(Lines of atoms letter the chains of each structure in order from A; the text may use other names.)
(Lines give C-alpha, C1' and ligand atoms only; values in the text may rest on other atoms or scores of the structure.)
Protein backbone atom coordinates (compact mmCIF):
# COMPACT_ATOMS: atom_id res chain seq x y z
CA UNK A 1 0.00 0.00 0.00
CA UNK A 2 1.41 3.39 -1.00
CA UNK A 3 1.63 5.76 1.95
CA UNK A 4 0.42 9.34 1.72
CA UNK A 5 0.34 12.47 3.84
CA UNK A 6 -2.56 14.84 4.48
CA UNK A 7 -1.23 18.35 3.81
CA UNK A 8 -4.08 19.83 5.87
CA UNK A 9 -2.91 18.03 9.01
CA UNK A 10 0.84 17.77 8.39
CA UNK A 11 2.95 20.74 7.27
CA UNK A 12 6.66 20.90 6.41
CA UNK A 13 8.63 24.13 6.84
CA UNK A 14 12.25 24.90 5.98
CA UNK A 15 14.61 27.46 7.44
CA UNK A 16 17.57 29.04 5.66
CA UNK A 17 19.99 26.07 5.64
CA UNK A 18 17.59 23.38 4.40
CA UNK A 19 15.56 25.07 1.67
CA UNK A 20 16.69 23.03 -1.36
CA UNK A 21 16.49 19.78 0.59
CA UNK A 22 12.92 20.51 1.70
CA UNK A 23 11.90 21.49 -1.84
CA UNK A 24 12.99 18.03 -2.98
CA UNK A 25 11.20 16.33 -0.07
CA UNK A 26 7.93 18.14 -0.77
CA UNK A 27 8.15 17.26 -4.47
CA UNK A 28 8.52 13.59 -3.58
CA UNK A 29 5.59 13.80 -1.15
CA UNK A 30 3.53 15.80 -3.66
CA UNK A 31 2.65 18.42 -1.05
CA UNK A 32 3.16 22.17 -0.72
CA UNK A 33 5.81 23.54 1.60
CA UNK A 34 4.48 25.69 4.43
CA UNK A 35 4.63 29.47 3.98
CA UNK A 36 6.78 31.48 6.37
CA UNK A 37 9.07 34.50 6.60
CA UNK A 38 12.61 34.36 7.96
CA UNK A 39 14.50 37.65 7.97
CA UNK A 40 17.43 39.26 9.75
CA UNK A 41 17.47 42.82 11.03
CA UNK A 42 20.45 45.14 10.53
CA UNK A 43 21.80 44.34 14.00
CA UNK A 44 21.70 40.59 13.29
CA UNK A 45 18.48 39.74 15.14
CA UNK A 46 16.32 37.02 13.57
CA UNK A 47 12.64 37.57 12.73
CA UNK A 48 10.30 34.63 12.06
CA UNK A 49 6.64 34.67 11.05
CA UNK A 50 4.44 31.82 9.81
CA UNK A 51 2.07 32.96 7.07
CA UNK A 52 -0.48 30.18 7.51
CA UNK A 53 -2.32 28.65 10.44
CA UNK A 54 -0.48 25.91 12.34
CA UNK A 55 -3.18 25.38 14.97
CA UNK A 56 -3.70 21.68 15.77
CA UNK A 57 -1.33 20.62 12.97
CA UNK A 58 1.65 18.27 13.05
CA UNK A 59 4.64 20.38 12.04
CA UNK A 60 7.98 19.19 10.64
CA UNK A 61 10.57 21.96 10.57
CA UNK A 62 13.95 21.41 8.89
CA UNK A 63 17.13 23.28 9.74
CA UNK A 64 20.78 22.28 9.57
CA UNK A 65 22.64 24.16 12.27
CA UNK A 66 25.68 24.60 10.04
CA UNK A 67 27.82 27.74 9.54
CA UNK A 68 26.97 30.24 10.75
CA UNK A 69 26.08 27.76 13.49
CA UNK A 70 24.77 30.26 16.02
CA UNK A 71 22.54 32.12 13.53
CA UNK A 72 21.15 28.82 12.22
CA UNK A 73 20.42 27.64 15.74
CA UNK A 74 18.66 30.86 16.71
CA UNK A 75 16.47 30.64 13.59
CA UNK A 76 15.38 27.17 14.67
CA UNK A 77 14.74 28.08 18.31
CA UNK A 78 12.73 31.17 17.39
CA UNK A 79 10.73 29.23 14.79
CA UNK A 80 9.88 26.50 17.31
CA UNK A 81 8.76 29.13 19.81
CA UNK A 82 6.53 30.75 17.18
CA UNK A 83 4.99 27.37 16.31
CA UNK A 84 4.32 26.59 19.96
CA UNK A 85 2.67 29.99 20.48
CA UNK A 86 0.66 29.31 17.31
CA UNK A 87 -0.85 26.20 18.98
CA UNK A 88 0.75 23.57 16.76
CA UNK A 89 -0.37 20.06 17.74
CA UNK A 90 3.18 18.71 17.56
CA UNK A 91 6.56 20.11 16.52
CA UNK A 92 9.19 17.78 15.07
CA UNK A 93 12.55 19.51 14.66
CA UNK A 94 14.57 17.76 11.95
CA UNK A 95 18.25 18.69 12.01
CA UNK A 96 20.09 17.11 9.06
CA UNK A 97 23.28 18.47 10.65
CA UNK A 98 23.48 19.08 14.40
CA UNK A 99 25.98 21.79 15.28
CA UNK A 100 27.92 21.51 18.56
CA UNK A 101 27.66 17.71 18.37
CA UNK A 102 31.41 17.36 19.00
CA UNK A 103 31.17 19.19 22.32
CA UNK A 104 29.51 16.18 23.93
CA UNK A 105 31.78 15.68 26.96
CA UNK A 106 34.30 17.41 29.17
CA UNK A 107 37.91 16.69 28.28
CA UNK A 108 39.44 19.34 30.54
CA UNK A 109 38.40 21.16 33.68
CA UNK A 110 35.87 24.00 33.48
CA UNK A 111 34.66 23.05 29.99
CA UNK A 112 30.96 23.06 29.04
CA UNK A 113 28.99 20.19 27.52
CA UNK A 114 27.48 22.38 24.83
CA UNK A 115 25.71 19.57 23.00
CA UNK A 116 23.62 18.98 26.14
CA UNK A 117 22.91 22.71 26.41
CA UNK A 118 21.60 22.80 22.83
CA UNK A 119 19.38 19.79 23.56
CA UNK A 120 17.91 21.62 26.57
CA UNK A 121 17.32 24.75 24.49
CA UNK A 122 15.45 22.84 21.76
CA UNK A 123 13.30 21.13 24.38
CA UNK A 124 12.59 24.35 26.27
CA UNK A 125 11.69 26.16 23.03
CA UNK A 126 8.86 23.66 22.52
CA UNK A 127 10.00 20.82 20.26
CA UNK A 128 8.11 17.56 20.88
CA UNK A 129 10.51 15.38 18.91
CA UNK A 130 13.97 15.80 17.42
CA UNK A 131 15.42 13.99 14.41
CA UNK A 132 19.21 13.81 14.09
CA UNK A 133 21.24 12.38 11.21
CA UNK A 134 24.51 10.45 11.61
CA UNK A 135 25.16 12.18 14.90
CA UNK A 136 28.81 12.43 15.99
CA UNK A 137 28.29 10.32 19.11
CA UNK A 138 25.31 8.21 20.14
CA UNK A 139 25.32 9.61 23.68
CA UNK A 140 23.83 12.84 22.29
CA UNK A 141 20.45 11.10 22.14
CA UNK A 142 20.52 10.84 25.93
CA UNK A 143 20.87 14.61 26.31
CA UNK A 144 17.22 15.09 25.32
CA UNK A 145 14.18 14.68 27.56
CA UNK A 146 11.94 14.26 24.50
CA UNK A 147 11.86 11.47 21.87
CA UNK A 148 14.85 11.43 19.52
CA UNK A 149 15.25 9.52 16.26
CA UNK A 150 18.86 9.17 15.14
CA UNK A 151 18.93 8.45 11.41
CA UNK A 152 21.72 6.67 9.55
CA UNK A 153 22.50 7.30 5.90
CA UNK A 154 25.15 4.75 5.00
CA UNK A 155 22.75 2.55 3.04
CA UNK A 156 22.08 5.45 0.65
CA UNK A 157 25.80 5.98 0.00
CA UNK A 158 26.54 2.28 -0.46
CA UNK A 159 24.54 1.91 -3.67
CA UNK A 160 26.79 4.47 -5.39
CA UNK A 161 30.04 3.35 -3.77
CA UNK A 162 29.59 -0.28 -4.82
CA UNK A 163 28.65 0.87 -8.32
CA UNK A 164 32.02 2.64 -8.59
CA UNK A 165 34.35 0.32 -6.69
CA UNK A 166 32.58 -3.04 -6.58
CA UNK A 167 32.86 -5.37 -3.58
CA UNK A 168 35.91 -7.30 -4.71
CA UNK A 169 39.07 -6.20 -2.87
CA UNK A 170 37.07 -3.58 -0.94
CA UNK A 171 38.05 -2.73 2.65
CA UNK A 172 36.11 -0.43 4.98
CA UNK A 173 38.43 1.97 6.82
CA UNK A 174 37.77 3.93 10.00
CA UNK A 175 39.97 7.07 10.06
CA UNK A 176 40.24 6.89 13.87
CA UNK A 177 39.16 4.78 16.84
CA UNK A 178 36.10 6.95 17.44
CA UNK A 179 34.60 5.92 14.10
CA UNK A 180 35.14 2.17 14.47
CA UNK A 181 31.53 1.43 15.40
CA UNK A 182 30.28 3.28 12.32
CA UNK A 183 32.75 1.57 9.99
CA UNK A 184 32.13 -1.88 11.48
CA UNK A 185 28.39 -1.51 10.85
CA UNK A 186 29.08 -1.00 7.14
CA UNK A 187 31.69 -3.75 7.01
CA UNK A 188 29.29 -6.21 8.63
CA UNK A 189 26.45 -5.21 6.32
CA UNK A 190 28.54 -5.90 3.22
CA UNK A 191 30.56 -8.74 4.81
CA UNK A 192 33.81 -6.87 4.18
CA UNK A 193 37.08 -6.62 6.14
CA UNK A 194 37.72 -3.63 8.41
CA UNK A 195 40.87 -1.53 8.82
CA UNK A 196 41.54 1.20 11.39
CA UNK A 197 43.82 4.23 11.22
CA UNK A 198 45.77 4.81 14.43
CA UNK A 199 45.51 8.59 14.81
CA UNK A 200 46.44 11.18 17.37
CA UNK A 201 45.22 14.77 17.52
CA UNK A 202 47.85 17.13 19.00
CA UNK A 203 45.48 20.14 18.80
CA UNK A 204 42.04 21.19 17.49
CA UNK A 205 41.61 20.62 13.72
CA UNK A 206 45.05 18.95 13.50
CA UNK A 207 45.29 15.18 12.98
CA UNK A 208 48.26 12.88 12.51
CA UNK A 209 47.85 9.34 11.15
CA UNK A 210 50.44 6.95 12.53
CA UNK A 211 49.64 3.39 11.53
CA UNK A 212 47.13 1.15 9.73
CA UNK A 213 45.61 -1.75 11.62
CA UNK A 214 44.45 -4.22 8.95
CA UNK A 215 45.39 -5.32 5.44
CA UNK A 216 45.02 -2.63 2.77
CA UNK A 217 47.78 -3.48 0.27
CA UNK A 218 46.33 -3.82 -3.25
CA UNK A 219 42.85 -3.13 -1.85
CA UNK A 220 40.20 -0.54 -2.66
CA UNK A 221 39.68 1.43 0.56
CA UNK A 222 36.44 3.09 1.66
CA UNK A 223 37.14 5.67 4.38
CA UNK A 224 33.98 6.26 6.40
CA UNK A 225 33.40 9.26 8.68
CA UNK A 226 30.43 11.21 10.00
CA UNK A 227 31.76 14.62 8.96
CA UNK A 228 34.55 16.45 7.19
CA UNK A 229 35.54 19.71 8.86
CA UNK A 230 38.96 20.89 7.68
CA UNK A 231 39.73 17.58 5.96
CA UNK A 232 42.86 16.86 7.97
CA UNK A 233 41.71 13.48 9.27
CA UNK A 234 40.69 11.86 5.99
CA UNK A 235 43.55 13.33 3.94
CA UNK A 236 46.09 12.10 6.50
CA UNK A 237 44.39 8.70 6.35
CA UNK A 238 44.49 8.70 2.53
CA UNK A 239 48.23 9.49 2.55
CA UNK A 240 48.88 6.60 4.91
CA UNK A 241 46.78 4.23 2.79
CA UNK A 242 48.72 5.25 -0.31
CA UNK A 243 51.95 4.61 1.58
CA UNK A 244 50.61 1.13 2.41
CA UNK A 245 50.00 0.57 -1.35
CA UNK A 246 46.20 0.72 -1.44
CA UNK A 247 44.74 0.67 -4.99
CA UNK A 248 41.96 3.23 -4.79
CA UNK A 249 40.73 5.41 -1.94
CA UNK A 250 37.12 6.56 -1.65
CA UNK A 251 35.90 8.86 1.13
CA UNK A 252 32.32 8.78 2.37
CA UNK A 253 31.13 11.34 4.95
CA UNK A 254 27.58 12.43 5.68
CA UNK A 255 28.30 16.03 6.64
CA UNK A 256 30.61 18.12 4.46
CA UNK A 257 31.59 21.31 6.29
CA UNK A 258 34.84 22.00 4.36
CA UNK A 259 36.04 24.78 6.64
CA UNK A 260 39.22 26.86 6.34
CA UNK A 261 41.28 25.66 3.34
CA UNK A 262 39.60 22.25 3.09
CA UNK A 263 38.54 22.73 -0.54
CA UNK A 264 42.10 23.51 -1.62
CA UNK A 265 43.47 20.52 0.31
CA UNK A 266 41.02 18.14 -1.33
CA UNK A 267 41.70 19.55 -4.79
CA UNK A 268 45.39 18.85 -4.20
CA UNK A 269 44.51 15.36 -2.97
CA UNK A 270 42.54 14.74 -6.18
CA UNK A 271 45.43 15.99 -8.32
CA UNK A 272 47.91 13.81 -6.45
CA UNK A 273 45.63 10.76 -6.81
CA UNK A 274 45.44 10.41 -3.03
CA UNK A 275 41.64 10.30 -3.18
CA UNK A 276 39.72 8.89 -6.14
CA UNK A 277 36.17 9.73 -5.01
CA UNK A 278 34.68 11.94 -2.31
CA UNK A 279 31.03 11.54 -1.31
CA UNK A 280 29.07 13.78 1.05
CA UNK A 281 25.34 14.29 1.50
CA UNK A 282 23.23 17.42 1.17
CA UNK A 283 22.62 17.55 4.94
CA UNK A 284 24.63 20.77 4.57
CA UNK A 285 24.21 22.91 1.41
CA UNK A 286 27.19 22.28 -0.87
CA UNK A 287 28.62 25.15 -2.94
CA UNK A 288 32.21 23.97 -3.41
CA UNK A 289 33.95 21.57 -5.79
CA UNK A 290 31.83 22.69 -8.75
CA UNK A 291 32.32 20.52 -11.85
CA UNK A 292 34.84 18.31 -10.03
CA UNK A 293 34.30 14.75 -11.28
CA UNK A 294 35.74 13.13 -8.14
CA UNK A 295 33.18 14.89 -5.91
CA UNK A 296 29.57 13.79 -5.58
CA UNK A 297 26.67 14.91 -3.37
CA UNK A 298 24.21 12.22 -2.31
CA UNK A 299 20.62 13.42 -1.91
CA UNK A 300 18.90 12.56 1.40
CA UNK A 301 15.44 13.70 0.30
CA UNK A 302 14.19 10.13 -0.17
CA UNK A 303 15.24 9.20 3.37
CA UNK A 304 13.44 12.17 4.93
CA UNK A 305 10.42 11.51 2.72
CA UNK A 306 10.18 8.02 4.21
CA UNK A 307 10.69 9.33 7.74
CA UNK A 308 7.93 11.94 7.46
CA UNK A 309 5.58 9.33 5.98
CA UNK A 310 6.32 7.05 8.93
CA UNK A 311 5.44 9.81 11.39
CA UNK A 312 2.30 10.82 9.49
CA UNK A 313 1.08 7.21 9.36
CA UNK A 314 2.25 6.15 12.85
CA UNK A 315 4.75 3.61 11.51
CA UNK A 316 8.16 2.47 12.73
CA UNK A 317 11.17 4.44 11.50
CA UNK A 318 13.42 1.43 12.18
CA UNK A 319 11.58 -0.49 9.46
CA UNK A 320 13.12 1.85 6.86
CA UNK A 321 16.60 0.52 7.61
CA UNK A 322 15.54 -3.07 7.92
CA UNK A 323 14.02 -2.90 4.45
CA UNK A 324 17.02 -1.17 2.84
CA UNK A 325 19.65 -3.35 4.53
CA UNK A 326 17.80 -6.50 3.53
CA UNK A 327 17.80 -5.28 -0.09
CA UNK A 328 21.53 -4.45 0.03
CA UNK A 329 22.43 -7.86 1.43
CA UNK A 330 20.47 -9.57 -1.33
CA UNK A 331 21.55 -7.48 -4.31
CA UNK A 332 25.01 -6.04 -3.55
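Quick reminder: no glycine exception, Cβ is built from N, Cα and C everywhere.
Going by Swiss-Prot, these are the annotated features:
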type     : residues                          : note
ACT_SITE : 199                               : active site
BINDING  : 43, 44, 45, 102, 103              : ATP binding site
BINDING  : 136                               : Mg(2+) 1 binding site
BINDING  : 176                               : Mg(2+) 2 binding site
BINDING  : 201, 225, 229, 230, 231, 232, 233 : D-ribose 5-phosphate binding site
Per-residue Cβ crowding (10 Å cut-off), top of binding-site residues 103, 230, 233: 233
Cα-Cα distance linking residue 102 (ATP binding site) and residue 229 (D-ribose 5-phosphate binding site), given in Å to the nearest integer: 11
Residue, out of the binding-site residues 102, 136, whose Cβ gathers the largest set of other Cβ atoms within 10 Å: 136
Coarse DSSP state, helix versus strand versus coil, of residue 233 (D-ribose 5-phosphate binding site): helix
Those binding-site residues listed as 44, 231, 232, and which of them has the most Cβ atoms within 10 Å of its own Cβ: 231
Secondary structure at residue 225 (D-ribose 5-phosphate binding site), reduced by DSSP to three states: strand
Same-chain residues at least 6 apart in sequence whose Cβ lies under 8 Å from residue 225 (D-ribose 5-phosphate binding site): 175, 179, 182, 233, 234, 251, 252, 253
Neighbouring C-beta atoms (10 Å sphere around the C-beta of residue 45 (ATP binding site)): 10
